[in-house]
Structure formats: structure tokens, C-alpha cells
Amino acid sequence: MIFGSRRRIRGRRGRSGPMTRGLSALSRAVAVAWRRSLQLRVVALTLGLSLAVILALGFVLTSQVTNRVLDIKVRAAIDQIERARTTVSGIVNGEETRSLDSSLQLARNTLTSKTDPASGAGLAGAFDAVLMVPGDGPRAASTAGPVDQVPNALRGFVKAGQAAYQYATVQTEGFSGPALIIGTPTLSRVANLELYLIFPLASEQATITLVRGTMATGGLVLLVLLAGIALLVSRQVVVPVRSASRIAERFAEGHLSERMPVRGEDDMARLAVSFNDMAESLSRQIAQLEEFGNLQRRFTSDVSHELRTPLTTVRMAADLIYDHSADLDPTLRRSTELMVSELDRFETLLNDLLEISRHDAGVAELSVEAVDLRTTVNNALGNVGHLAEEAGIELLVDLPAEQVIAEVDARRVERILRNLIANAIDHAEHKPVRIRMAADEDTVAVTVRDYGVGLRPGEEKLVFSRFWRSDPSRVRRSGGTGLGLAISVEDARLHQGRLEAWGEPGEGACFRLTLPMVRGHKVTTSPLPMKPIPQPVLQPVAQPNPQPMPPEYKERQRPREHAEWSG
């Protein structure tokens, strides 16, 4: 028996599961529709408020009608019982030869016979009569009619000499249901004679039920009409708003000629006119900005190309002088070194301007080949390693033991890494810089982590802006132009990859480059976290299969050979 009951309970739960899920899905759908549909909210609120008003009004009107009907019934009953008391007094005082019970029964029969319509029924309608003389000592009480239907509270008032009435539910031979019972003491030769009239409220109840039904039907019809009116009225407002939303979306997509139709002179028409004026102004400004941007890019490209030829000539002359600087006096030798250094910086600026103009014009192209990215990282380290040695900064390198083959433009990826490492050295505050690489089936990631000044909130986006610097007064050992990270993020996007930054003041910063292993694939996740371990390991990370460090990594080179790649 126990196991059987468990199976039944489990079956009931199994059947309730789909119902619960269905109700949950329905509630979510209703919640979504409520949040997204202004028309639904307007109609629902209109129906809710209208329903509250109709219920309140219906309650008040029903109460008024009920009280009015019952008041008429009570006044008619009072008139009826006054006439009945006179009739009873006449019958009881008429013949002394009749017994008390006979007199009471005769009086009751006389009263009830008057309720026949043919004999002139009272205004209060049909009723039943109860006559009673309470017992006194050894004498028993004398009654006529259904005395047990008279409430004790009402009998107490009548016994005290007061006329009173009360609503009660009675059950007699000819009627069962709510009734009005009115009682009064009667003056006659029989002391303490009490008269009660029972008036059925069937017709009044039917009238009240009819009124309530009529009001409910009218309220329902009115509610439906109000819903339709609210739907139509809200549609007059929602349709133009939806049209404006669709046109705004198309405008945001680049369809600058989209405009709202103007109909009439009402508020919606003024909204359409204002929207069209705004769209016209925005389209003009966008066109002007696009034209200005094109001119700016063309100017940058033209200037960069025009300066290339004289710069090459000056470079050749400077190199010739530099090669014979040993024969010059110290002052001229130092001037030659400064001239070569500034030419390196100027050439780097031209190269960066040319590269950023290619990205702006959309003509930058990838030269994709399958390469081992570990070699690319080592090449980048070899080109900027001398900056770390000069600053006394330790580079901690953690590369996979196996090859990491990816389809990338090795030149652009190496440039990204050089910019990131040089930027980390500039901001490391003589603390170690960690370079890590990891790969999975789809993506490869390289992080460059420093433990220096870090980034303030919001600067992780600004750091990729052109010519932006967190602290303009900081001395940059890499001699960057301010375009390195801007070019790097464009190179990463060209690979359909991501270049992201994270930092906290005083905790350092981390730049993460994530690239797809296969050209054309999109990056969705990264094998390396954005937030590295906050405390650096001061010893170099031991590689499972250490690779020999390129000789140029320790060799101090001329600054101009690396200035092109500094950020």
C-alpha cells in the first residue's frame, strides 16, 4: 500500500510539471509583453480603473436600491400591522363566550384572508399572522400561527411594550426564505396579547436580484466598450510612436533620408515635424563630419606621403654623417646623435600616420600565413628587450611547450606585441612585466601584465584612443607617438580578434590580445583571464622547454631601430 501511494503521488507530480512550466512560460510572456507594449499597458490600466469605478458605483447603486425597496416594504408593513391590530382587538373583544384560543385562531384567519387579492390585500403584500399570549404562572401560553419562527430578540421588544421589526429567514408551510417580521403589543381585554406579521421578501429579493443582474450586465458591456475605446485611443498615440521608433532605427542603420509622415496639426503632427527637423539636422551634421573625416584622412595620407621623399633624403644624409661621427668633435658628434634620434621619431610618426590612414580608409590588408606565435613573441621581445634592461625591469615570459600555429599576419601581430610590451615597460615603475601565452582549439591569447601605476576606472577604453595619455608628464622610454595602441586595436580587429585592457590604480594593468587560430573565425572566449594574479612572482617563470633568447634581446641597439614599434 505504501509503495502504491508513492507511485500515485509521483504520477501526480509528473502531470503537474508541464502545467507549472506552461504557467511559468505564460507569465514570462505576459511580463515581456507588459514591458514592451505601451498599448497593452494603457488598455490594461484603463480596464483596471474602469472596473474599480464600475464596482464602486454598482455597490453604491445596489445598496441604494436595496435600502429603498426595503424601506417601502417596512412602511407598508407598519401600516398593515396598525390595521391588523385594530382588527385583532375587535375580534378578541367581541364575544366573551369564545375561548382565548378560538379568538386568537379566528383573528389569525381573518387577517390572513385579507391578503387574498380578491379581498383587497394590503400594500405590504401577502403575510402570515402570529398571535400569542404568554403564559402566566400555572396558565399556559396561548398561540395561533408559527410562533417558533418569531426571533426571541423581537419578542423581547414586543413584550416590553414596543413595536419593532426584524429580518429573518423563516420556514413555514407556504413559504421558506427571507422575511420581514414586525410585531406589536395589542390593546384588548386579554392582557399581554402580542401580534406578529411575517411578510415574505420573495418579490423584493427578485427585484434586487434583477437590479444586480442588470447592473452587472451593463457594467460588463460598459467595460467592453471602454476597452474598445481605450484600444482605439491608444492606437492613435502608439502607431505614430511605433512609426517613429522604426524610422529612428533605420536612421541609426544609416538610412539618413528616412522621415516621419506628417498628418494634421495635432501633437503627433508636431512630434513628426520635430523629429524630421532633428533628422535633417543630424543628417547634415553627419554628412559634414563624414566629409571632414574624409578630408582629414586624405590630408594625413597626402602629408605623410609628401614628407616621405624629403625625409628619405634627410635620412640618407644623417646616416652618412652619423657613420663618420667619430671624426667629428664631441659637440658635433652629440648633435649628430640627437639629429638621428629625432629623425627616427619623425619617421615613426610618419609610419604611424600612414598606417592609421590605411585603417581609416579601409584599405588595410592582412598578409596571412601559418606561423608559430611563440616565435612572434620572441621577436617582439628581442626588439624591445633593451628598454627593459635600461630601466632595470625584469621580463617574465611564460610560453607553451608545444608550437602554437595560427593563421595571422605575423608583422601586425608582432607590432601589437611590441607596442604592448613597450607600453608595459613605460608604466611598470621598475616592477616585473609578465608575458603569458595560452591557446585552446579555437583561439590563442597573449597577456602583458605590469604591476605599475595601473588604470583609473574608465581608462581601459580611453587607452586605445589616438594620442591619449593618462599622465602627459610621464617620460616614455619607448619614445612613442601616441598612436601605437590605436593601431594595435585596429590590427586586432582586422584579424577579427580582440584587444582588451584592465587595470586598477596602484595594482598595474593587463592587456589581453585574443586571436582566432583560423582566419575568418570569430573570437567568443579567451583562454587567458583578464585579471591576472595580483602579486607578481619575482623569479622568471621556468619554461618546460626553454628556448634560447635571441642575441638581440641582450644586445643594446640604436634607439631608431625600435622607435617605429613603440606606442
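The chain as shown is numbered from 1 upward.
Each residue, glycine too, has its Cβ placed from N, Cα and C.
What you are looking at is a predicted structure, and each value in this text was computed from that prediction instead of being measured.
Features as listed in Swiss-Prot:
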- 1-15: compositional bias 'Basic residues' (COMPBIAS)
- 529-551: compositional bias 'Pro residues' (COMPBIAS)
- 552-567: compositional bias 'Basic and acidic residues' (COMPBIAS)
- 235-287: domain 'HAMP' (DOMAIN)
- 302-519: domain 'Histidine kinase' (DOMAIN)
- HIS305: phosphohistidine (MOD_RES)
- 1-20: region 'Disordered' (REGION)
- 529-567: region 'Disordered' (REGION)
- 42-62: transmembrane segment (TRANSMEM)
- 213-233: transmembrane segment (TRANSMEM)
DSSP output for the residue listed as 'phosphohistidine' maps to helix
For the transmembrane segment (213-233), could you work out the same-chain residues 6 or more beyond its ends whose Cβ comes under 8 Å from its Cβ atoms? 39, 42-43, 46-47, 50-51, 54-55, 58, 61-62
Given the transmembrane segment (42-62), its same-chain partners at Cβ distance under 8 Å and 6+ residues beyond its ends are 34, 208, 211-212, 215-216, 219, 222-223, 226-227, 230-231, 233-234, 237-238
Counted with DSSP (H/G/I as helix, E/B as strand, rest coil), the domain 'HAMP' (235-287) has 39 helix, 0 strand, 14 coil
